[in-house]
Number of protein chains: 2
Amino acid sequence: MPLRQAIERSQGWHRRLTVPQFTVVTGLLVILLGTLLLATPLCSSSKVGLWEALFTATSAITVTGLSIIDVGADLTTAGQLVLAMMILAGGLGLMAITTFLQGFVVKGTGLRRRLDRGQTLDEFGVGGVGSTFRGIAATAALVILVGALVLYGFGFSDIPDRGERLWASVFHSISAYNNAGFGLWSDSLERYHDNVLVNAVVMVLIVMGGLGWRVTSDLASQGVRRGRRRLSLHTRLVLRTTLLLVVFGTLGLALTEWLNRGEVFIGMAWRERWMTALFESVTARTAGFTTVPFSLENITDSGTLLLMALMFIGASPGGTGGGIKTTTVAALMAATRSTMRGRDAVVIRNREIPDKVVLRALGITVASLLFVLAMALLLSIASNLNGAEPFTFLEMLFTCISAFATVGLDLGVTEQLGRFGQAVLMLGMFVGRLGILLLLSAIWEVMTREQIHIHRQNRIGYPREDLYV
Amino acid sequence: MPLRQAIERSQGWHRRLTVPQFTVVTGLLVILLGTLLLATPLCSSSKVGLWEALFTATSAITVTGLSIIDVGADLTTAGQLVLAMMILAGGLGLMAITTFLQGFVVKGTGLRRRLDRGQTLDEFGVGGVGSTFRGIAATAALVILVGALVLYGFGFSDIPDRGERLWASVFHSISAYNNAGFGLWSDSLERYHDNVLVNAVVMVLIVMGGLGWRVTSDLASQGVRRGRRRLSLHTRLVLRTTLLLVVFGTLGLALTEWLNRGEVFIGMAWRERWMTALFESVTARTAGFTTVPFSLENITDSGTLLLMALMFIGASPGGTGGGIKTTTVAALMAATRSTMRGRDAVVIRNREIPDKVVLRALGITVASLLFVLAMALLLSIASNLNGAEPFTFLEMLFTCISAFATVGLDLGVTEQLGRFGQAVLMLGMFVGRLGILLLLSAIWEVMTREQIHIHRQNRIGYPREDLYV
Ligand SMILES: [K+]
Ligand SMILES: [K+]
């Protein structure tokens, strides 16, 4: 077969992929590439074998930040550069894809056709898809650059070596904006726990990345125009929910850890306590940096459950963070409020939300919950069959949520988990990062036509019947 | 004012109540009456003051079974009789009311009008409301009588005194059918942990009470007619979900307690282990008897979470049990499955379920979850302000779920909780027994007309807008 035909055929294969399928395949390929790169002596010390490289690559591309190696010590500068590139690819790549997919329901259309389809371009403003992708990249570059400059100039001023300081600033800025939570130091950001500037810059980067491009560009364009144009429902809802969750998390941690005598805040001044509570509230959704050492010994049960809830909820759709997303929770809460008021329609901020959006939010939440519980059960059984019982179920569940919501907070479990457990975590990171719905639609779309056929049949075939609840 | 007018006016007041309001008011009045009765020397020893009597009455009328007294020792036979009557009133009373309400959406209609309304009578078969209520009473009397006879003749044959044996049989039969979980012995049914017959009879009574009258009568009428008539969707769904949950709970407890080395099953033969796991799986939803002593020391974390999940789910609607109900969970699961398959409509067993049913199930679940968490938080804060920290958050949460879902399983927390904590539990039992929706509709209906007005306005006024999740 001539070369040209072979290329065309392979391009054809590529074009036949739907967006979700494209995402899964690309993700797996990048993990493979990253693993091979990270395992070479150029990138890492002899401590990093193929397994460690695979885990690190998976954690990086899913912007989780769970790690079984010491990034600062076990990776060379080249290795850290590769890591940063993978974080960027994973964070911004999925940001672009989810922003793109937000515009319409995912249903059996090839990538090319979808990219070309005129009717969907309205979703992305005048410029269409290309300008959206460029906007995402430009916003990221700008924010990361400013973040790195501030960290370099004021935040990390205790680092004497300029090159080292610059790289630390850039790396942490990339890691924070992409909600990745990877750091160059084995104690995350604990050494800056009382540094207001570092806390503030990292929090701003995390939140901006977590809001998603739609929201930041909506805000930016309003700022530029200075007009009376209202922000979209999506933007308002994301901002409101994010603010509520940050405040709720901060007050909650203050409540559970001060009143309940957790040991995390012991020896801190009041101002630092509030700053730490705020930082942990922000970082739990879903960056994964930390300025205090966490373990079940020094936080209370209720604090652990609160962190688990924040991690599970995560950031906003179309952002760099993970979790079931703020809008999902907002939709569930709105549905609950409407039900409690005896209304049939779900209303958010004077807008009626279609039932199918609520059903989708419900499906995402329940499926994610079941997936996380299944992960924890697997870890639990595995660790008990091994004979040792080093961790409680709560610690396992915490770690699984941390992986699934791509948070990266660790109670000290990941490293000691054994390969089976680590494999479960890797699967969790991958599934959690893509989202169960995206992953399933990648699978369903393989059988698109049959699906549609069955679907239609069902719509006609099933009689409606009421149910008592 | 002449007597006749006063009577008519008070009757008018009574008639103007809606069914939910009638339920709340009656419930409170029966609690008041029960408290006064139980506090008298005729019914109880000097250990039982007004507070203890109030807690016991609330626990009995809500068929919870949490107790701060020793029913067998602190109550006289007359007191135990009053307790049994309250359990019957609470169990069968709410069974009748919820069965009655299942037929239609609760919305601003007076009790009289609703009882007289012809169109709703179809819901209850040819005989109408009266025959339904008679059917519920007759079924209960028959089942409780048979249960008591079997317990008397074969189960409790170790009790030498005939009168004592008879009363124990009748009391436990009433308590089991009404999912109340009250027993005459301070160790619940632990003394019969290896008695297959007692285990079996109690389980059958619990399950029959928990299924609800609609289901048992549907089953009975099919048995009688021997025809090919299909069971209703409701009956099939309740039976299937109940079976799944019982099996899931049994296997789950076996898994978490055997594999994870919980200490509950230590020293038992295999057959007894399975029987115990089965019994605890049945009783957790939501009878509250137990044949083994539970505490956080002897069950694993994962076993505790499993029990909490089973308790929270509870029995079926229109039954004597509590919780968010099996059909609610089935609706949520069906919605999740449909979403995962990319369908817009929710389908259960080839029947399309209206969106509003799913939204209602979602609202009930989320509101219940938030309520239980708020209860646990209150207990947690109160116990920490008291200075002592005798219980973990998990123990608090377990107790709150046990109260809210009217289960009555206790890790040893209730008695030592202090009055504030016990008041929180009483509120939880009352709200949980009536259900958040019923309670809210009792409140909303006070302002029925304004509601409907606002409601209509909203339906026209709110534009629809999509939301990205
Ligand atoms: K992360
Ligand atoms: K009970």
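The backbone N, Cα and C atoms fix where each Cβ goes, glycine too.
Residues or ranges marked as transmembrane segment in TrEMBL: B:21-42, B:48-69, B:81-105, B:133-154, B:166-185, B:197-216, B:237-255, B:305-336, B:357-379, B:391-411, B:423-444.
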What residues in the same chain, six or more past the boundaries of the transmembrane segment (B:423-444), come closer than 8 Å to it by Cβ-Cβ distance?
18, 20-21, 23-24, 27, 31, 54-55, 58-59, 61-64, 66, 90, 94, 98, 101, 106-107, 322, 360, 363-364, 367-368, 371-372, 375, 378-379, 382, 399-400, 403-406, 414, 417, 451
Cβ pairs under 8 Å between the transmembrane segment (B:305-336) and the transmembrane segment (B:166-185), at least three
yes
Same chain only, please: residues at least 6 beyond the ends of the transmembrane segment (B:197-216) with a C-beta under 8 Å from a C-beta of the stretch. Say none if there are none.
91, 95-96, 98-99, 102, 132, 135-136, 139, 143-144, 147, 150-151, 154-156, 172-173, 176-179, 189, 232, 234-235, 238-239, 242, 246, 275, 278-279, 282-283, 285-287, 289, 291, 315-321
Suppose I define contact as three or more CB-CB distances under 8 A, residues 6 or more apart in sequence; do the transmembrane segment (B:166-185) and the transmembrane segment (B:21-42) meet it?
no
So what's near the transmembrane segment (B:21-42) in sequence-distant terms, Cβ-Cβ under 8 Å and 6+ beyond its ends?
14, 48-50, 52-54, 56-58, 60-61, 75-76, 78-79, 82-83, 86, 89-90, 93-94, 97, 111, 430, 433-434, 438-439, 442, 445-446
